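Features of the protein shown, as given by Swiss-Prot:
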BINDING   ASP85, GLU116, HIS119  Fe cation 1 binding site
BINDING   GLU116, GLU205, GLU239, HIS242  Fe cation 2 binding site
ACT_SITE  TYR123  active site
Amino acid sequence: MAYTTFSQTKNDQLKEPMFFGQPVNVARYDQQKYDIFEKLIEKQLSFFWRPEEVDVSRDRIDYQALPEHEKHIFISNLKYQTLLDSIQGRSPNVALLPLISIPELETWVETWAFSETIHSRSYTHIIRNIVNDPAVVFDDIVTNEQIQKRAEGISAYYDELIEMTSYWHLLGEGTHTVNGKTVVVNLRELKKKLYLCLMSVNALEAIRFYVSFACSFAFAERELMEGNAKIIRLIARDEALHLTGTQHMLNLLRSGVDDPEMAEIAEECKQECYDLFVQAAQQEKEWADYLFRDGSMIGLNKDILCQYVEYITNIRMQAVGLDLPFQTRSNPIPWINTWLVSDNVQVAPQEVEVSSYLVGQIDSEVDTDDLSNFQL
């Protein structure tokens, strides 16, 4: 099926599935098949922020005073987060947009990916402030063995989906020879690759950031690197939205409401999805071990972080219909919720950047009934 950027075939977008229907033609928002994506778009737009709004000048002084093992923890996490958001800033667009059939989902994916580019810019803003030569930090990302291990697990599902999608659009279903290699293009197999890719992205948004988040917030609990923590808090707020988006996509697909065949595929893939999540959790535990190889920090150590990874992995897997792999049922670092739930902290606006401020949140829909109780 050849892809077109504007299909001239008239269709009812309310009858299209989320994926593998007719490509979106008119980007219209007066109607939605799934209004959850419209709500996510509006929420993400109201969250808009720029890293330059946050003052990180004090962080340079704090960073210079950190012991070497804490510098390792801080800078390693920034490298890892830069990798994750470098992938997420481009991959959802490249992998998902050519397959999407409804405008609200198309715009949500574009909005989601754009916000990830702001996260990447934020890490540059932080790193440029604390080190004299940012290139030393960025150049290490593609050579650091610990980071590369994680990159392979994240990018493989995206790459397989993108490759198979290009064959499907160019050649259609069937058995083809491409550069001397036999390629079998099958729509059901492509749907399976999409489902696994979405589950992989869900695992990324669900657990892969949170070891780094916990460390950033632990520094701020000691009144260190507070500018960084404010930025990370804004990033965490965005990531919670992105997680909600992938969870809704997966749950709509596995329920069969959107595409009955996807419900069968979800059942077939259940074990692979389970293994995918457990592997991601294991990699995060290994990352915690790498971070604390030279010593722990006040309020946080490897064991506590590993318990936290197990705790959030259980919650995230349950949200997409998977069995729970770990015994940990309580949050070992409850103070982190103060940072992750943006409404929990009240501050005086003149004293600090207000991370809970929203823009564009006025409801402009006014009905005559709203004025019925007014008397002149």
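Indices start at 1 and increase along the chain as displayed.
Heads up, the Cβ atoms here are built off N, Cα and C, so glycines get one too.
Feature map: Swiss-Prot annotations on the structure.
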residue	record	CB count, 10 Å
ASP85	Fe cation 1 binding site	23
GLU116	Fe cation 1 binding site	23
HIS119	Fe cation 1 binding site	23
TYR123	active site	27
GLU205	Fe cation 2 binding site	23
GLU239	Fe cation 2 binding site	25
HIS242	Fe cation 2 binding site	25
Q.
An 8 Å radius from the center of the ASP85, GLU116, HIS119 Cβ atoms defines the neighbourhood of the Fe cation 1 site; name the other residues of that chain inside it, in order.
A. GLN81, LEU84, SER86, GLN88, GLY89, SER115, THR117, ILE118, SER120, SER122, ILE235, ASP238
Q) What subset of the recorded positions ASP85, HIS119, TYR123 lies within 10 angstroms of HIS242 (Fe cation 2 binding site), using C-alpha positions? A) none
Q: Give the distance between the Cα atoms of GLU116 (Fe cation 1 binding site) and GLU239 (Fe cation 2 binding site), rounded to the nearest whole Å.
A: 9
Q) Given the Fe cation 2 site residues GLU116, GLU205, GLU239, HIS242, which other residues of that chain have a Cβ within 8 Å of the mean position of their Cβ atoms, reported in sequence order? A) GLN88, TRP112, SER115, HIS119, LEU204, PHE209, ASP238, LEU241, LEU243
**Q.** Rounded distance in angstrom between the Cα atoms of the residue listed as 'active site' and GLU205 (Fe cation 2 binding site)
**A.** 17
Q. Do you know offhand how many angstrom separate HIS119 (Fe cation 1 binding site) and GLU205 (Fe cation 2 binding site) by C-alpha?
A. 13
Q.
Whole-number answer please: how many Å between the C-alpha atoms of ASP85 (Fe cation 1 binding site) and GLU205 (Fe cation 2 binding site)?
A. 10
